[in-house]
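According to Swiss-Prot, the protein has these features:
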- 20-40: transmembrane segment (TRANSMEM)
- 54-74: transmembrane segment (TRANSMEM)
- 102-122: transmembrane segment (TRANSMEM)
- 141-161: transmembrane segment (TRANSMEM)
- 168-188: transmembrane segment (TRANSMEM)
- 217-237: transmembrane segment (TRANSMEM)
Amino acid sequence: MVKLAFGSVGDSFSATSIKAYVAEFIATLLFVFAGVGSAIAYGQLTNGGALDPAGLVAIAIAHALALFVGVSVAANISGGHLNPAVTFGLAVGGHITILTGVFYWVAQLLGATVACLLLGFVTHGKAIPTHAVAGISELEGVVFEVVITFALVYTVYATAADPKKGSLGTIAPIAIGFIVGANILAAGPFSGGSMNPARSFGPAVAAGDFAGNWVYWVGPLVGGGLAGLVYGDVFIGGSYQQVADQDYA
């Protein structure tokens, strides 16, 4: 059962919430800067060569490490979502209100966009790589993104949002980073392995290329929502209950 709660203006504009939005902006900026930056660096080192297995591994590791750090530095303030699909999945499971979630989205999208604009500036206008399906149809790309984002948000629930997580919560950031790195290795050559609408939106804005960008909204949001339904309803149950900031917003 969906446990969506709209929330109140007062709660969404409280000092604690404002700090959470700023934390999401900064953490998403740092994550996307490192993630997209690793792809740009690969192109620089290979003179624009095609992605090879070693490059895929390097980019996957860069994303995993950057997300581990991003989640860690924001966890005690905002919960460390860094991803509209994670925020949506947690909203479906009743762990963040819709109104607050919308502002999380704004912060995440702005952070990703600023990161890519900064990369364009500091690399003297190097092309910002955007996500695009390769060798498969866009519909197949959506399914790919649904599956890998489900895995990501399910991991978030199991290690961070579940009130029964106990000491497992201490490894949440690294577990989340690991699943993202693994999913990039699996999906990178096909859908790009986004799992994150903000991670795809920022480069699209900086490059002015939104071709196929809808894939990276539909797939991750469906996958994140399904994970919220499954874990939130089957394994947690109950009604709406805001999770404390220090646990996972």
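The backbone N, Cα and C atoms fix where each Cβ goes, and this holds for glycine too.
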Chain residues outside the transmembrane segment (102-122) and at least six past its termini with a C-beta under 8 angstroms from it: 12, 17, 20-22, 24-33, 36-37, 40, 78, 81-84, 87, 96, 128, 197-199, 201-203, 205-207
The transmembrane segment (54-74) vs the transmembrane segment (168-188): 3 or more CB pairs under 8 Å: yes
Tertiary contacts of the transmembrane segment (168-188), as residues 6+ beyond its ends and Cβ separation under 8 Å: 51, 56-57, 59-61, 63-69, 71-72, 75, 80, 144-145, 148, 151-152, 155-156, 158-160, 195, 247-248
